[in-house]
Amino acid sequence: MRTLWILAVLLLGVEGNLVQFELLIMKVAKRSGLLSYSAYGCYCGWGGHGRPQDATDRCCFVHDCCYGKVTDCNPKTASYTYSEENGEIVCGGDDPCKKQVCECDRVAAICFRDNIPSYDNKYIQFPAKNCQEKPEPC
């Protein structure tokens, strides 16, 4: 319980997009991104290096690559708009950069949902020393 309280307090200090990303993951994948993907494999969480360990970790790798292509705004703080139409997330708004960030998050949330069967607890808190292989290009 104390851990959940700490996570809630930390989440309140996070701005814009990372909160939206968490909400999008919860809506699409029906699980908490913060609890499930903040420290998973070599790419889920802050930074990322080495090779993705499984399909779930690859979702984070692709998400990192997608954020890396965003140039006109900060993907970690840019707030975007989206709606749900016929059960699908649709990114909206007039700002192309924010829409691009939304698309990165939307695709990642769908990837997490589609790869729930690959999720393996052995990759939670995965040691960075196991992520030393040469990374593949985005």
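Each residue, glycine too, has its Cβ placed from N, Cα and C.
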Next on the checklist: Looking at the Ca(2+) binding annotation from Swiss-Prot, with Tyr43, Gly45, Gly47 already listed, which candidate in Asp64, Asp72 is the matching residue?
Outcome noted: Asp64
Checklist outcome for this item: From the list Cys60, Cys65, Cys66, Swiss-Prot names as the disulphide partner of Cys104 the residue Cys66
Item to check | Second cysteine of the disulfide that Swiss-Prot assigns to Cys111, among Cys59, Cys60, Cys65 | outcome: Cys59
Item to check | Recorded disulfide partner - Cys73, candidates Cys44, Cys97, Cys102, source Swiss-Prot | outcome: Cys97
Item to check | Cys44 - recorded disulfide partner, Swiss-Prot, among Cys60, Cys65 | outcome: Cys60
Checklist outcome for this item: Rounded Cα distance, in Å, between Cys131 (disulfide bond) and His63 (active site) is 17
Next on the checklist: I'd like to confirm something. Which of the recorded positions, Gly45, Gly47, Asp105, has a Cα closest to the Cα of Cys66 (disulfide bond)?
Outcome noted: Asp105
Checklist entry - When DSSP states are folded down to helix, strand and coil, where does Cys73 (disulfide bond) land? => result coil
